[in-house]
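Feature annotations, courtesy of TrEMBL:
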COMPBIAS  634-646  compositional bias 'Polar residues'
COMPBIAS  654-664  compositional bias 'Acidic residues'
DOMAIN    280-319  domain 'EGF-like'
DOMAIN    320-357  domain 'EGF-like'
DOMAIN    373-413  domain 'EGF-like'
DOMAIN    414-454  domain 'EGF-like'
DOMAIN    725-939  domain 'TSP C-terminal'
REPEAT    490-525  repeat 'TSP type-3'
REPEAT    549-584  repeat 'TSP type-3'
REPEAT    686-721  repeat 'TSP type-3'
SIGNAL    1-26  signal peptide
Amino acid sequence: MLTTRKAAFLFLHIFLQSWPGFGAQAAPQVFDLLSSTNQKLVTSFLKPILMDPTLNEFYVIATFKLQTKSSATIFGLYSSSDNSKYFEFTVMGRLNKAILRYLKADGKIHLVVFNNIQLADGKRHRMLLRLSKFQRGSSSVELYLDCNQVDIIQDLPRVFSGLFHSSEPVELRTFQRKAQDTLEELKLVVRGSLFQVASLQECFLHQSDHVPSTSSGDINWQVLGQMTQLNKILGEVKDLLRQQVKETSFLRNTIAECQACGPLSAQAPTPNTLPTPAALVRRCDSNPCFRGVRCTNTRDGFQCGPCPEGYTGNGITCSDIDECTFHPCFRGVRCVNLTPGFRCDSCPVGFTGPVVQGVGVTFAKTHKQICSDIDECRNGACVPNSICINTVGSYQCGPCKSGFTGDQIRGCKTERNCRNPERNPCSVNAQCIEERQGGVTCVCGVGWAGDGFICGKDVDIDSYPDEELPCSGRNCKKDNCKYVPNSGQEDADGDGIGDACDEDADGDGINNEQDNCVLTYNVDQRNIDQDIFGDACDNCRNIINNDQKDTDGDGKGDACDDDMDGDGIKNILDNCQKIPNRDQSDKDNDGVGDACDSCPDVSNPNQSDVDNDLVGDSCDTNQDSDGDGHQDSTDNCPTVINSSQLDTDKDGLGDECDDDDDNDGIPDLIPPGPDNCRLVPNPTQEDVNRDGVGDICETDFDQDQVIDRIDVCPENAEVTLTDFRAYQTVVLDPEGDAQIDPNWVVLNQGMEIVQTMNSDPGLAVGYTAFNGVDFEGTFHVNTQTDDDYAGFIFGYQDSSSFYVVMWKQTEQTYWQATPFRAVAEPGIQLKAVKSKTGPGEHLRNSLWHTGDTSDQVRLLWKDSRNVGWKDKVSYRWFLQHRPQVGYIRVRFYEGSELVADSGVTIDTTMRGGRLGVFCFSQENIIWSNLKYRCNDTIPEDFQEFQTQNFDRIDN
C-alpha cells in the first residue's frame, strides 16, 4: 500500500507531466542592470541578447519608491553619441499614468500609455513589464504592479526594431534620485515563464477580470487558475488519504473484533478466549476524527465533534466549504478559496476598501467586501483650477476652468490679460507685461515700488517704497534711505538707516568724513601703514594700498597677496597674475598666459592696447566689415552683426549665422524645423502641450538654470543677471594732471555704481557685449558741489567708438582752450563718439562741447528744454538700442513724470557693443538699480517713424 506522501507526490507528478510543455520550460536568465559592470557594458551584452532570433519575449522587473505626485523616468536606453531615445519607461505621478516610449523602425517614437495607476505615492512598489513577439509580427506589452496585472496592450509596432537597425553605442540610464526616491532593483530577464519570473518578486500572479488570456504555448492565466485548483485538490487528496487510512484502521480493528468472537458454534467460550473490552471498542487514541475535531471517548467507543469552521461533514470526514460560492467579494474582485476559508483581493483601481479574509459560511454572508469609489477629484488627481469629472472607479481631467489658463502639464493659473482691464491683476501704478509662456508680470512704474500688485511712492527711484507696504515681497519693505537711492539697502551697523544716508554708517561714534573705516566699527582708528584705510578694514595692514583691490576675494589685498588670483600659483611664477589659469597655457610663448593674453597667437609681452578694445595692438587689425566691434579675423560671423558673439553649440559659428544653433540636427527655421528648442539639443522635439515650445526648454529657453521670467537674457545662457562687478576702466584724458582719474565703487552685487571724485573724463565699462538691448537705471548726484557732466554709455567698442548720453547742469566753457574752445550747454545730450585720435585733449574737449566736432563726436540729439540736473534729485532713464536697424530712443523721468524723450533716432555708427557709465569733472554720482535686458525686438514706433520719413520724401 502507498503511503499518504507517496500517493500525493505521484498524483502531482502525473498531473504536471500530462500538462503540455510544462516540463520543457527553460530556467530564466537574470541580468542585474543596476550593477556598475552591466551599466558600462550595456552595448556589448544587451544587443546580442535582444537580437537572439530564438528569443521572442523578455521581462523587466523593478522595485522602487517615488515621492507623492512626482514624475520620473525609471529606466531607459539612449544613444551615447546624440542622446537619441530607444526605449524609456516614465511615471507621471500627478496624472496617475505611466508611459512607455520606444523607437520604431521608421525613426519615430511610439507611445504606450498605462492609465489609472498610482505609483508615485511614497510607497514601495514592485513592477513587472513583459514584452512579447518583439522579433516578429505585432508586439504586445503587459504591465504588472505589486503582483497584479493592470493592463495588456496588443498589436503594437515592433519594440526594438529601431535599436536593431542602429550601430550607435547604447547607454542605460536610471532616474535621477530625489531625497525620498529609491530604486532598489532593476533586472532584465529572458527565457523562463511568466510564473517563474514573477516568483523572483515573490509574486503568485493573478489577473483582473477584464484581461484576456495570452496565447497558447505559455503557462497562461487559465493555467495559473487551474494550478490554484490543483493546490486545492492536493490538499483535499491529502485529507482524504488520511481519512482513508483512519477508516481502514477502523475496519481492521472491527474485523479483528469479529474474529475474536470465533465462528458460530455451540461451543461456549472459555474465560481464556473472551475478548477484552479494549479489543472490542475503538477509542480516541487511534485519531479517528478529522484533524482539529474534538474527540470524546464514550462507553461504546468515541464521538467526534462538529467539523471545524469552513468545513462540512460528520466530524470523521470533513470537506472544505467553498465560501466564494456565497459571493463575499466586491464585483470584479477575485475571490480565492482557501483550505479553510477565503480571501478577497484588493479593491479595483479607483476604489478603496478592506482586504476581506475569513472562514465559514456565516462569515462570508455577514462580512461582504465593500469597495467605495474614490473621488479622485477631491484628492487632487487633476491640477488645481481645472475641470475634474469623477466616474465610478476612475476620473477624467478636463481643461482649465473659466478664468484660468494652462493645461494638465503646466497647471492652470489665473488668466491674466494685460489687454483686458477686468483680468489685469496689476496695480494702477504698475506696468503689465505678458511673458513668453502666456503669463503676466506686474512691475511698478517709475516713481513707485512694490510687488507690482501693490505699489507705493518711491521718491528716490531705487525700487523700495517710502513706507512699508501690505505685501510680502522684498520690495515691499520701507526704504532705509528715502531720499538717496541705494538699491542694495546696505546697513553696516543695522540701525535701520542705510549706509548711503547714515552719517555714521558703522555706528562707532565717528562721522564718515573723519572715519578711516566707514563701514567697520573702529573707535581707535588705528592705521599702521598710514594709508586711507584703518587696520580694522584694511586688507593690507602693513602695505599702502588705497585701491584695496582684492582680485580673488579672499580678504587679502592684491598688494600683499602672493597669489592674487587664487589659482594656487604664486604671482612670481604665474603668467596670468589676476586671472586663474592653473594650466599656465601660453601658445605664443610671450610669457603671458592665454587666459589673459590680448593676442594669444601673436607674441606681445607688453600687452599694449591703445584703443582699449581688449585686443592687443600687435594683432589688432581694426578691420570690421559688419561694424559690430569684432574684427573680421576673430568675428564668428564676420559679415553678420552679432556683437554678443554668442555661439551656443561652440562650433565656431555664431548663432546669428548658424542654421542649427544647438547642433541637434533640427534646423532653427527651415524644414524639418523650425526647432522648438533652438538653444537646447532635443532631436525628438517633444512638446506634450503642443504650444510650439519643446518640453525641455518650456520655462528656461536657454537652459542656464535661471527661469525666463527673471532671466535678463532668456536666449543667452552666458548672461543671466545684471552685474557690473567686473568692469574695465577707461581714462579718456590720460595726459596732464589737471584732475585725477575717477574712483569707482560697485555695490548691490553689481547693480549699483558710485563715483566719488571730481575727476577727468572716464568710463566704467562692463565686459558683456550686446546686440539689441534695453538699459535702465537711476541717476542721482548726491552733492550740492559742482555742476558738470554725468551719464551712461552704450555700444562701446573701443575708447574711440561708443555712444554716450550725458547731462550737464549749467552752461560752462572748458577751462583749457587747447586744442579748441569747448562750450557746454545745460541739458541732456546724445552723442556718437567716433574719434580719430582716441583718448586725449581732442576727445576731452569734444566731449565737453555741445555740438559736432570734426572726426571726433557727433551730437545726435539734445533736450530742447536746456534744463540741467538738480542736486540730490533722482532721475530714471530708459534706453532702447537695436543696432541691426540703428534704432535709438532714450527717455528720462523725474519721479513718475516723463521729462525728456529723444524720440526715434537712427544711427548705425556702432552696431552693438558694451554698456557702462560716464563721468566728467563731477563727484558723488550714483547710478542705482541698474538693469539691462537682451532685446532684439524692433519697437512698434520704428515702423511708424519709417512710414513718416518715406511720406516726407515722397512729398
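Each residue, glycine too, has its Cβ placed from N, Cα and C.
Fair warning: this is a prediction, and the values are worked out from it, not measured in the lab.
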* Asked: According to DSSP, how is the domain 'EGF-like' (373-413) divided among helix, strand and coil residues?
  -> 4 helix, 21 strand, 16 coil
* Asked: Under an 8 Å Cβ to Cβ limit, what residues of the same chain, 6 or more beyond the ends of the compositional bias 'Acidic residues' (654-664), are close to it?
  -> 82, 635-637, 639-642, 645-648, 670, 675, 677-683, 771
* Structure fact -> Across the domain 'EGF-like' (373-413) the predicted model averages a pLDDT of 86
* **Chain residues in Cβ proximity to the repeat 'TSP type-3' (490-525) (below 8 Å; excluding those fewer than six residues from its ends, i.e. six or more beyond)** => 479-484, 532-538, 747-748, 782, 926
* Proximity of the domain 'EGF-like' (414-454) to the domain 'EGF-like' (280-319), 3+ C-beta pairs under 8 angstroms -> no
* Asked: How does the domain 'EGF-like' (280-319) divide up by DSSP, counting helix, then strand, then coil residues?
  -> 4 helix, 13 strand, 23 coil
* Structure fact -> Across the repeat 'TSP type-3' (686-721), DSSP yields 3 helix, 0 strand, 33 coil
* Asked: What are the DSSP helix, strand and coil residue counts for the repeat 'TSP type-3' (549-584)?
  -> 3 helix, 0 strand, 33 coil
